Amino acid sequence: MARKYLGLRGRALNLAVATIAGLGFLLFGYDQGVMGSLLTLDTFTSTFPSMDVSNRVPAADRAHNSTIQGVAVSLYEVGCMFGAIATMVIGDKIGRRKTIFIGSILMIIGTAIQCSSFSLSQFIVGRIVTGFGNGFITATVPMWQSECAKAEARGQLVMVEGALITGGIALSYWIDFAFYFVPGQADWRFPIAFQAVFAIIVMCTVLELPESPRWLLKKGHKEEAALVFASLADVPADSSVIVEQVDEIKATLTSESRSSFREIFTFTKEKHFHRTMLAFWNQVMQQITGANLIIYYAGSIYENSIGLSPLNAKIVAACNGTEYFLASWVAFFTIERLGRRKLMIGGAAGQAVSMAILTGTAYLADQGNSKAGIAAAVFLFVFNTFFGIGWLGMTWLYPAEIVSLQVRAPANGLSTAGNWVSNFLVVMITPVAFNSIGAYTYLIFAAINAVMVPTVYFFYPETSGRSLEEIDEIFAHSNSWTPWDVVGIAKHMPKHHTEYIEKRDEEARETNGRRRSPFDEDNEKPSVNYRDQNLPDSASASESSGSTYGDRVDNKR
């Protein structure tokens with residue numbers, strides 16, 4: 001029989017994995033948002049006067065302080081980047097769970113250093129250590145979740161994690177607001193310390209949950225991997241559906257026998273470099289949308305740029321975070337129905353328009369137009385809505401899906417490092433840009449978002465509803481010299497994973513006498529013979545790398 005983890009298996013076990021993975025992202029979101037309203041507190045700026053950029057500081061000093069503030073806040077991203085890079089080395093050696101466990105410990109240590117700081121240097125060290133631990137978590141949790149989740153629910157589960165990022169941001173804003181009324185330095189020390197609660201929960205539970213079955217197979221632990229798959233599907237370990245699933249993954253691993261960091265730069269039939277670049281730029285694009293200039297500096301923007309009072313700025317920032325959290329749930333209900341591409345394209349278009357309008361309204365607000373200030377505040381909400389739906393969770397789902405199992409750990413480490421490098425640049429330059437060019441800062445991000453629309457349309461294939469092994473098959477038929485052809489191949493290639501879903505559910509009903517889950521019912525599709533379906537001409541260019549598409553379908557069946 002399937003093994004129980006924490007007394008759970010089947011749907012309950014899947015939810016437990018999703019919950020702990022979600023807590024990792026709640027922690028991530030909280031740490032992103034917590035500084036937003038602390039930077040303007042008198043107790044904070046009196047402890048770290050070189051980070052004070054309020055209007056009471058002389059203009060000459062404010063320019064210097066804006067640079068110091070940008071460095072101090074953004075060095076957290078540098079820690080995250082090095083943490084993500086470290087997972088490229090150790091992630092495949094020690095497994096997904098232990099990597100998350102180590103990251104949680106590092107975040108607890110970094111939090112303790114930050115909240116006990118009385119000097120800027122100690123505070124910066126705490127930010128870097130916290131970021132290093134978060135780099136471990138953010139590079140590994142999506143991979144662990146995707147490798148454990150069912151293909152038909154994978155997108156929704158990772159979108160929950162994306163929503164929990166915004167939940168963490170909203171929670172941090174409201175805690176910042178609540179402690180605004182607390183006298184003394186507890187008004188900024190407690191909000192920073194509180195993030196350790198989530199890290200402690202993750203640290204205490206993650207090792208009690210199943211390891212990634214795909215990682216176990218990669219390391220040769222076939223029986224243990226079969227038990228994990230059986231526990232997650234709630235069927236016997238010797239079930240034919242589990243045997244077929246294990247054999248399919250082992251066949252993929254056999255055909256991709258080489259495994260090293262160098263492999264992600266190869267142009268073989270697996271298209272490791274192509275897929276790694278898609279993952280890398282997907283992560284980078286998320287950060288250069290400009291979302292983090294709002295997330296990290298919300299309170300400061302509302303107070304110093306739009307002109308709200310300190311109290312009103314914190315209330316509006318907290319409401320913005322709450323609306324952001326609610327908007328992110330739209331992706332949960334649409335990710336599998338509309339697919340990845342439509343959400344990314346629609347999100348980028350909406351973000352471009354929002355930033356363009358923000359440029360004009362924020363400029364007028366700087367000139368003292370109070371109505372324009374209100375409009376600017378509204379469009380900060382609008383931008384977050386589009387970002388929460390289209391891009392927030394997407395870059396934790398898509399890179400984990402798009403790269404092959406053989407190089408998934410180093411490729412995700414590299415793509416996550418790209419996320420943090422670009423995050424660092426945005427957070428670093430934001431105070432300097434606002435001090436130098438003011439509202440025109442938003443115009444830069446409007447142009448970037450506009451360019452992202454055709455980029456996704458022409459280069460990013462749809463992965464919704466496909467097993468991770470099917471995605472390998474899509475790239476096996478693409479041409480390295482025409483990377484845009486993969487979009488057409490994904491559009492025309494049938495989703496033969498449907499047959500596996502139906503067979504698995506039938507065995508589960510026979511074994512347990514229970515109905516399938518709502519996820520299964522929503523994704524049930526009739527079996528259709530697509531053997532005569534023509535692929536784009538580009539598919540034929542890859543026939544030299546292996547069997548033809550028709551042969552592959554025959555072999556599958």
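Cβ coordinates come from backbone N, Cα and C, glycine included.
Predicted, not measured: the structure shown is a model, and the values here were computed from it.
Annotation source TrEMBL lists transmembrane segment at 12-30 (among others).
The domain 'Major facilitator superfamily (MFS) profile' annotation in TrEMBL covers 17-464.
What TrEMBL lists as transmembrane segment is 71-91 (among others).
Sequence annotations record features per position, and here TrEMBL assigns transmembrane segment to 100-119 (among others).
Here TrEMBL flags 125-145 (among others) as transmembrane segment.
Outside the transmembrane segment (157-182) by six or more residues, the chain places 14, 18, 21-34, 36-38, 41, 141-142, 145-146, 149, 188, 190-191, 194-195, 198, 295, 298-299, 310-311, 314-315, 317-318, 320-322, 324-325, 327-329, 331-332, 335, 388, 392-394, 396-397, 400 with a CB less than 8 A from a CB of the stretch. Among the features that TrEMBL reports, transmembrane segment is placed at 157-182 (among others).
Tertiary proximity for the transmembrane segment (188-209) is limited to same-chain residues at least six positions away from its ends with a CB under 8 Å from its CB atoms, namely 5-6, 13, 16-17, 20, 23-24, 26-27, 30-31, 34, 38, 41, 43-44, 47, 97-98, 100-101, 104-105, 107-108, 111-112, 114-116, 130, 133, 137, 168, 172, 175-176, 179, 182. According to TrEMBL, the transmembrane segment annotation covers 188-209 (among others).
Taken from TrEMBL, the feature transmembrane segment covers 343-365 (among others).
Among the features that TrEMBL reports, transmembrane segment is placed at 377-399 (among others).
Packing against the transmembrane segment (411-434) from elsewhere in the chain are residues 53, 63, 66-67, 69-71, 73-75, 77-78, 80-81, 84-88, 91, 131, 135, 138-140, 142-143, 264, 272, 275-276, 279-284, 286-288, 290, 292-293, 296-297, 300-301, 304-305, 395, 399-400, 403, 441, 444: each is 6 or more residues past its ends and has a CB under 8 Å from a CB in it. Annotation comment: TrEMBL describes 411-434 (among others) as transmembrane segment.
Within the chain carrying the transmembrane segment (440-460), a Cβ under 8 angstroms from the stretch's Cβ atoms is held by residues 278, 281-282, 285, 288-290, 293, 340-341, 344-345, 348-349, 351-353, 355-356, 358-359, 362-363, 398, 430, 433-434, 483-484, 486-487, all 6 or more beyond its ends. According to TrEMBL, the transmembrane segment annotation covers 440-460 (among others).
If you look up TrEMBL, you'll see 499-557 marked as region 'Disordered'.
According to TrEMBL, the feature compositional bias 'Basic and acidic residues' maps to 499-519.
Taken from TrEMBL, the feature compositional bias 'Low complexity' covers 538-547.
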Name the range, of those listed as 12-30, 71-91, 377-399, that has the largest tally of Cβ pairs under 8 Å with the transmembrane segment (125-145).
71-91
Who are the chain neighbours of the transmembrane segment (377-399) in space, where the CB to CB distance is under 8 Å and they lie at least 6 residues beyond its ends?
25, 138, 141-142, 146, 154-155, 158-163, 165-166, 278-280, 282-283, 285-286, 289-291, 294, 298, 301-302, 306, 308, 316, 320, 323-325, 327-328, 330-331, 334-335, 340, 343-351, 354-355, 357-358, 361, 411-412, 415-416, 419, 460, 463
Chain residues in Cβ proximity to the transmembrane segment (343-365) (below 8 Å; excluding those fewer than six residues from its ends, i.e. six or more beyond):
285, 289-290, 305-307, 331, 334-335, 372-373, 375-376, 379-380, 382-383, 385-387, 389-391, 394, 438-440, 442-443, 445-447, 449-450, 452-453, 456-457, 460
